[in-house]
Structure formats: structure tokens, C-alpha cells
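Engineer: Residues annotated as region 'Disordered' in TrEMBL: B:1-27. Sequence annotations record features per position, and here TrEMBL assigns transmembrane segment to B:50-70, B:104-122, B:134-153, B:159-178, B:185-202, B:234-257, B:278-304, B:316-336, B:348-365.
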Amino acid sequence: MPEPSRLWGENLTLAYDQSVISRDLGITIPDNSFTVIVGPNACGKSTLLRALSRMLKPSSGAVHLDGRLIGSYPSKEVARRLGLLPQSSIAPDGISVADLVARGRYPHQKFLKQWSRTDEKVINEAMEATGIVDLAGRMVDELSGGQRQRVWLAMVLAQQTPLLLLDEPTTYLDIAHQMDVLDLCAELHHERSYTLVAVLHDLNHACRYATHLIAMKDGQVAAEGDPADIVTEELVEDVFGMPVRVIPDPETGTPLVVPVDRGGRIARRREPGTVERPAARAEEARSA
Amino acid sequence: MTLTPARPGTGSDAAAGGAPGAPPGRPRRFTRAVRLAGGRVSFAVRPRVAAVYGGLLAATVVVFAVSLSVGEYAIPLPRVLWALAGEGERLDLFFVRDVRLPRAWVAVLVGAALGIAGAVFQSISRNPLGSPDIIGFTGGASTGAVAVILVFGGSVLQVSLGAVVGGVGTAVVVYLLAFKQGVQGYRLVLVGIGINALLLAVRDYLMTRAELTEAMTAHIWMIGSLNGSGWGEVVAVSIAAAVLVPVVLALGPRLRLMEMGEQSARGLGVPVQGTQVTVMLAASALTGAAIAVSGPISFIALAAPQLVRRLARTNGTALLGAGLMGALLLAVADLIAQQALAPTQLPVGVVTAVIGGSYLIWVLYREWRTGHA
């Protein structure tokens, strides 16, 4: 039987100790896709990513990587095929950007071959690709959050894996840096044919960047496919339990999810066009 | 795979991150490549690290030579060298080869073993307090040894065995209690502190039941001393070091990746749990072997890894450096212990406690001043 793709899982039951997150889950990551996994908190999306990156051993079922069970590879061999950007990593005290990126070469290094010309070349290329060449000599702890995220991405790129798994790569970043990181991912996908799998919180980012969207609910796949085909008001309401409107994104034409006004604010819009916000006006008066 | 250059002007970071290049006076790269045998062997070398390690080694050699020369019966260095070559007066030969040389070797080897073991535990617990002194392995080893002295009235060999068994046994207990889907740093430190308190209570209880002379022997042993170290001790600690140090050093790169968090390390292909177990057993055995020959010498394991990191500015744990620093520290401490109140010989543990305590206060003071703690 031909493999459905380079990375896929079947009949996965995923659990931490006794609490089962997903039961009998099947998942296929299409080759050369930018797959984004979305879903409400605790729907099991990070757990699924952990299982796909062999951080979590499924209680039953199996994850296949390049035609073999992922657990049957030596650890370093997996790390040469599949890269992972975890949600949080700790930068060692006093490490420079170049040194941190260099750590991504570990799966390619041997006991007597720890710093080959290839290592050096790949590290430089990874820093160029993420636009951090100018930061090479800086200390990681001096950088801003956005810069730091790019350094971590460069480290994972230096691993030279055709598959890249990203666990909430935009968390804690401001909007400009979020777009920056996502643009970079799109570029990796588009120009260098990486297969990317990212867990994202922002539905609109997901719709804009994903070529393949997986919406999860209660540990199961609620829908998957091209965002333009699957993101509907019904689906979002079903998955997130919140009424929304879906309109075309004025920039890209991809679905744009706008929550329905539920009148939850203290001072709210009375009529389209006129804004009655005493608090805001009082503030303006004070600052003037 | 080739990577093309990034889009021009990738966002605001490059601009905010500063003009090309680091501040003046600081090198942009800290690494030099060393390649041998047509690229089949290659290493990254940091000039600063190489300089600091070389300096530590040179200083240790000097202290080593001085400790062969000075004493109540002073021998000038040229005569020391002759004696090492087997020439000269009988008294010279006796003092240099039978008394001072083994003691100096024990100091250097025990210091190195403690430094490396301390670096391992600090790395795994991601905590500068995670040294074997604090998290119970030293307490376990000394309780084991004291139990052997008091209960069996044991020989030197039995006492050593008691120390090794006590140290490794405590390590296993602490590891099992701190284990929950991997070992987390603070849990290791807290469990260790608890176990340490229990063990010290057991040890003190044993002391109250002891005869006066046995209690004296045990008490002197507990402070940690190199007095009377001979070639037997050198052989014992050399064998332990020859087996265990290569194991630990080979796992060094993995330890440094594990300091970035378990997920990052596993993502890069490090088998985290197996590495933790192996390296902790090896480091506990190393601690046990060191304590077995010298008693529980405090603070070397705590201070050496931190001092060398600050001096050499390594990123991540420097196992080799911690070993070199530990060797130098204990060699210096033992020289002071022998000479400070001569002819009275202090136990070296007294000196390391004074040095280590001052060091700890200095570190905390500095970090509070700069707001890092």
C-alpha cells in the first residue's frame, strides 16, 4: 500500500497518564503543504503536534514518518527528517545568536566531526533566510521577542529537515512580528518546498496562510481542507461555540472570521457610524 | 538544499537590532574552526575558552610543583625534580615521592571529579544550587561512611565502599522521587534538600551512639581531609576517573542541549531520559569515589562550575572546564590547609568551606546588585 504522505498517523489514542485527549484519531499531513491546526483551548491540537513529533508516545495507534514507524528510528535520524519549534525553549545564559543557531546542527554532527564546512555554510544560510545575519554576534538575551523567535526558527532551519513542526510560533509576539514570522513560514513553504505544520490561535492568520487547514474539537478532526472550502459560519460556531460572520478578507480574499456583536462591552456602539463612548471622551479631555 | 538570501529589509528587527556588527571591542564571532585530516575531524574552538583552560592547567601545574616543594622540610624545586627522577637524598625521595606526590595527585583528581560532578548536577537541575553538596549525595555518602565506621568499625576500604554505596543509593532515591515525566530542576533540588536533612539526622543519631574514639575518627572524616593520602588512594580515584570521566564528557553536548528544555533537546535528537539516568549515575559514582578517598569536601562541586563559566564565558555547562577549575581549587585549598597554621595541619574541608562560603556570598551579592536574582 502506498503511503498517504511523508507524515501521517492512524488510530491514534493520545493521553497524558489517565486522561485521554484524543481517541482513534487519523491524520495525514499532505506533502508540501502549509498545514495549520486550529481549535479551541484544550482541543488537543498541541497534543497532536507532540505525537507527530514523537514527543508523546501514543497509547495506541502509530505515527508514520517516511514510510516507517516514527518510533523505529534512532533519535538523531528523526531529527534529520523532522524539525520542531516548541512553544517555549530556554536560551542558555550568555549564548550568542550564531552559537544558538549552530546548535541546530547537532543531529548532523559526529563525535569527531563537530564543526564541518557544511555546518558553517548551513548556519550562515539559515541566518540569511531568517534575516538575522546582522545579529550573529549579539547575545540572545539582549534581543526582542520577535528577533528571538527568528533565532529559534534559524536554529530549526539549520537542522535541514524537509518537514517542520511549529507549536504556536506567533504567541507572545505583537501583530507586526506575528506577520513577519508567518511571512517567513510562507516563504519557506513556497520557495523552498518545506512541508510545514503549525498550531495557530488566530483563525484569520490560519485562513490567510494555510494551504491545508485542520480544525479540531474535543480531540477529533472537525473539518479539514482548503480554508476557502471549509471555513464557514456553521463550522466556526460548531468548533468554537461562538456565533461569527465569515466575510472575504479585503486583502487576500481568504475567509475572514468576525465575531458577532454580543453587546458585551460597557459602552458600545449605538448606531453604525456614531460612536458614544463617554469613557473615551473623558480620557481625551484629560489628555487635552 | 540551498537557502537563498532573505528578502531585503526583513522587518523592523534588523534596524532595531542595531547597525551591522557588535559594539566595538567585542568580536563578532566567538568561534574558530579547527579541521584536521582533510575535514574528517573538526571542532569549534573558542579562543577565550582555550585561553582560560590553558591558564587553569598552567596554574594547577605551578601549585602542584609548589606543594611538592614546601613544608616543614622544604625542598628547593631543582631537588624536587631530581627526586621525581629517582635521584637525590633519601629524605628528599621519601618526602617527594611517598608523602607529597600522592597527596598532590589526590587533591587534583578529587577536585576534578567533584568539579565535573557538580557541573552535571547543576546542568540537569538547571540550578546553580543543584550540586551534590546541596541535593543530598554528599550527605548520603558521608552517612554511608559514618555508618560503616561506627557500626562495623570498618577498614579504609570498607569506609570507601560505604561512601560509594551511600552516595549512589541516595542519587537513585532522589531521582525516583523527583521523577515525573522527566526530572524537573526545582523538584530535584527540593527532594534532595529533604533527603539530605533526613540523612544528616541519621548520621547525627549514629554519632550520639558512638564511642568517643570512633566518634572522633568519624568526625575528622566528615570534615574532609587529604591528610595521609597515599598511593592507594591515588590508584582508587584514578580508576574511577578513568572509567567515569570519559562517559560524562562524551555526554556533554547532549547536556548542553538539554539545558534548552526537554522539547528542544528531543527535537534535536537527544534521548533525554536515557541521558539523564546515565549521566546522573556516572556523576554520583564520581562523587562517591571522590568522597570515599577524601571525605565530603564541601563547595568544590558548587563553586567550580560557576566560576569557570563566568571566567571563560562558555554558553552552557563546561564539564572539562569545571574539572580543571575543581582541580586547581582543591590543590590551592590543600596547600593553604597544610601551610596556613603550620605545623598544625588543617583538614582541607575547612579551607574549602571558607573559600566556598565567601564565593557564594560574593555571587549572590553581585547578582542582587545587578538585579539578576
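Note: Cβ is positioned from N, Cα and C throughout, glycine not excepted.
Not measured: the values here are computed from a predicted model.
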Engineer: Thinking of Cβ pairs under 8 Å, which stretch from B:50-70, B:134-153, B:348-365 has the most of them with the transmembrane segment (B:104-122)?
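Structural biologist: Answer, by Cβ pair count: B:50-70.
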Engineer: What same-chain residues lie close to the transmembrane segment (B:50-70): Cβ under 8 Å, and 6 or more beyond its ends?
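Structural biologist: Contacts with the transmembrane segment (B:50-70): 76-77, 80, 84, 96, 100-101, 103-104, 107-108, 308, 311-312, 320-321, 324-325, 327-328, 331-332, 334-335, 338-339.
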Engineer: Please report, as numbers and ranges, the same-chain residues at least 6 past the borders of the transmembrane segment (B:159-178) whose CB is under 8 Å from any CB of it.
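Structural biologist: Tertiary neighbours of the transmembrane segment (B:159-178) are 132, 135-149, 184, 187-188, 191-192, 195, 199, 221, 236, 277, 280-281, 284-285, 287-289, 291-293.
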Engineer: Are there residues at least six beyond either end of the transmembrane segment (B:278-304) with Cβ under 8 Å to its Cβ atoms? List them, or say none.
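Structural biologist: Same-chain contacts beyond the ends: 106, 109-111, 113-121, 124, 128-129, 131-134, 137-139, 141-142, 145, 159-161, 163-168, 170-172, 175, 220-226, 229, 233, 236-237, 240-241, 244-245, 247-248, 251, 254-255, 322-323, 325-326, 329-330, 333, 347-349, 352-353, 355-357, 359-360.
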